[in-house]
């Protein structure tokens with residue numbers, strides 16, 4: 001496992017003694033960095049060390065939608081604590097998608113702490129860490145290596161997909177139910193035909209180009 005770029009401000013503590021005494025490990029992951037529309041979601045999960053680990057956990061991207069939905073409910077039941085958060089399209093356009101993703105993860109951990117679950121260590125998928133008031137490290141490919149991160153990836157993915165299904169009910173012509181906002185040929189064609197909705201990310205090139213051509217939907 002590889003640690004990301006950790007500053008003293010992000011850490012506050014040396015991880016070596018912390019890792020040796022971890023009881024409550026918090027896994028964190030995001031969903032939705034690549035889409036052209038919709039918020040970016042993040043989840044934080046702490047499993048109860050007194051309970052058997054849930055089987056079937058894996059990176060959400062390799063699971064079917066039905067499997068993710070089934071695991072979502074089991075994770076929520078089995079976890080000691082969990083929290084889902086997001087950063088809005090406006091925040092994505094203002095901060096950029098990387099910083100908005102960090103903000104969503106920070107909110108997920110904060111929400112978990114506000115529920116009374118205090119992690120000894122936070123492990124985040126990827127190579128960068130959000131600023132949180134706990135020891136934190138980044139784990140490259142953590143969503144396939146660390147069960148708590150796998151669980152977080154599933155919660156974030158399912159929550160975001162549900163949000164895009166809601167958008168589909170309002171804007172069925174874009175096919176959000178099929179691509180969840182990702183830049184598929186179907187989505188790009190709809191963007192070119194119908195224009196950008198208020199839920200599209202203006203800072204992303206295909207959306208920016210559509211707006212420049214006067215293609216805006218309300």
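Note that Cβ sites are derived from N, Cα and C of the backbone, with glycine treated the same way.
Taken from Swiss-Prot, the feature domain 'RNase H type-2' applies to 23-216, supported by sequence analysis.
Annotation comment: Swiss-Prot describes 29, 30, 125 as divalent metal cation binding site. DSSP assigns residue 125 (divalent metal cation binding site) to a strand in the three-state reduction.
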Where does residue 30 (divalent metal cation binding site) sit in DSSP terms: helix, strand, or coil?
strand
Near the Cβ of residue 30 (divalent metal cation binding site), how many other Cβ atoms are there if near means within 10 Å?
29
For the domain 'RNase H type-2' (23-216), what is the mean per-residue pLDDT, to the nearest integer?
96
Enter the number of other CB atoms within 10 angstroms of the CB of residue 29 (divalent metal cation binding site).
32
Other than 29, 30, 125, which residues of the same chain sit close to divalent metal cation? List them in sequence order, counting a residue when its Cβ is within 8 Å of the Cβ centroid of the site.
28, 31, 42, 43, 105, 124, 126, 142, 143, 149, 152, 153, 156
Under 8 Å Cβ to Cβ from residue 125 (divalent metal cation binding site), same chain, six or more residues apart: give me those in sequence order, or none if nothing qualifies.
27, 28, 29, 30, 138, 139, 141, 142, 143, 146, 149, 152, 153
